[in-house]
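**Student:** Please read through the structure below; I'll follow up with questions.
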Amino acid sequence: MKPVIALVGRPNVGKSTLFNRLTRSRDALVADLPGLTRDRHYGEGRVGERPYLVVDTGGFEPVAKDGILHQMARQTRQAVEEADVVVFIVDGRNGLAPQDKSIADYLRKTGRPIFLVVNKAEGMKYTAVATDFYELGLGDPRAISAAHGDGVTDMINEALEVAYAGQPEEADEDDPSRGIKIAIVGRPNVGKSTLVNALIGEDRVIAFDMPGTTRDSIYVDFERNGKKYTLIDTAGLRRRGKVFEAIEKFSVVKTLQSISDANVVILLLDAQQDISDQDAHIAGFVVEQGRALVIGVNKWDGLDDHARDRAKADLTRKLKFLDFAKSHYISAAKKTGIGALMRSVDDAYAAAMAKLPTPKLTRALIEAVEFQQPRRRGPVRPKLRYAHQGGQNPPLIVIHGNALDAVTETYKRYLENRFRETFSLTGTPLRIEFRSSNNPYADKG
């Protein structure tokens, strides 16, 4: 699983600026999804082939006793507990503050690797910036400018060396014989533990707990109708005897890690509650990660016809960017609708891993263009020549041609829908990339 970097510090030291710099490469992936809201406290970054999750904890007041500062402090402590590395940010312009000492005292007791980072150091000599902060007892301070990027690359590379060194071997979790890897995610109390037990029930369980690649992760292998599956870190579920129960604390970090590690995500919603921003945030991360998705609307048996119509309308309105995914209305407690849900899991995985031959893709593209040509932009009309597959999980379709900058978002959606229909790509995000043609025959005939 991806390691977690937690950004910690008192208010206004530049945590959000550093967060935005570390996660900027991810922004464009979800910018054009209608209806998607984003939680800016959690994001993903990547250095070369090493991805990581980064958490912006908000201003930390470790001694706060009540109110919003106490709540923020509690959330920060949880993020630190789950982090592989903590980046403790202080302000080089304003110097050492009493709050910095309180935070340092707390962090030393956690046992986590701590990187002391002095921000806003642009234009200042290292000795002038760093001297005050040695008394925190956290080793050599690293001077950076989050706003200008100075020193950030070296700092995050060092942090990732430590974070990845603490990651156990991943061979077992990547073993293809374990079957489709499923993450069941959702808000607290939507019925995740009930669904897990319905899936692996005592008579079917071929389950064993395995230490995962992060603290407290679990992997549970099971078979259903002769097919193998693996449940990965079910984000707040732990075994008690033969049954899984929800633990008291909902972990966003573990939810994001399990999504990243899954082949297919089941997003579980509560039919008796309106869809929340948190539901949309989780769904948005699934799309951003390119994971196959099935939606389960639980506790459906407790609704009358009017409430069911209202719940369906709420789903369509608030999660319209998930129109590629199938929705199932289930009762995990009564085990109704679960067979169809799992068939959609199989279908979504098959779609995500589909192989799309170049001749068929190109034919589908040409037929789509013949049915509806892209609009002109001034005197220019885009010419779409041919298509090939650029990747799987999620499928990536690369389209070659000329004047491709003039292709509108509306036309991209049209092409996406045509490809989905032609190749039965239900349940998986679909990426389309346009490239200027270097086909030597593109302009002939």
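Every residue, even glycine, has its Cβ placed from backbone N, Cα and C.
So Swiss-Prot lists the following for this protein:
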- 3-167: domain 'EngA-type G 1' (DOMAIN)
- 9-16, 56-60, 119-122: GTP 1 binding site (BINDING)
- 180-353: domain 'EngA-type G 2' (DOMAIN)
- 186-193, 233-237, 298-301: GTP 2 binding site (BINDING)
- 354-438: domain 'KH-like' (DOMAIN)
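Let's see these features in context: how buried, what's close, how far.
**Tutor:** In the shown protein chains, 28 other C-beta atoms lie within 10 A of the C-beta of F60 (GTP 1 binding site).
For G186 (GTP 2 binding site), the Cβ neighbour count at a 10 Å cut-off comes to 26, with all displayed protein chains included.
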**Student:** Where does F60 (GTP 1 binding site) sit by DSSP, helix, strand or coil?
**Tutor:** coil
**Student:** In whole Å, note down how far the CA of T57 (GTP 1 binding site) lies from the CA of G186 (GTP 2 binding site).
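**Tutor:** About 21 Å separate the Cα atoms of these two residues.
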**Student:** In whole Å, note down how far the CA of N189 (GTP 2 binding site) lies from the CA of K15 (GTP 1 binding site).
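**Tutor:** Roughly 32 Å, rounded to the nearest whole number.
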**Student:** In DSSP terms, helix, strand or coil for N189 (GTP 2 binding site)?
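**Tutor:** N189 (GTP 2 binding site) sits in coil per DSSP, no helix or strand.
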**Student:** Any idea what DSSP makes of W300 (GTP 2 binding site), helix, strand or coil?
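**Tutor:** The three-state answer is helix.
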**Student:** Report the nearest neighbour of F60 (GTP 1 binding site) in space among the binding-site residues N189, K192, W300, comparing Cα positions.
**Tutor:** N189
**Student:** Helix, strand or coil at G9 (GTP 1 binding site), per DSSP?
**Tutor:** coil
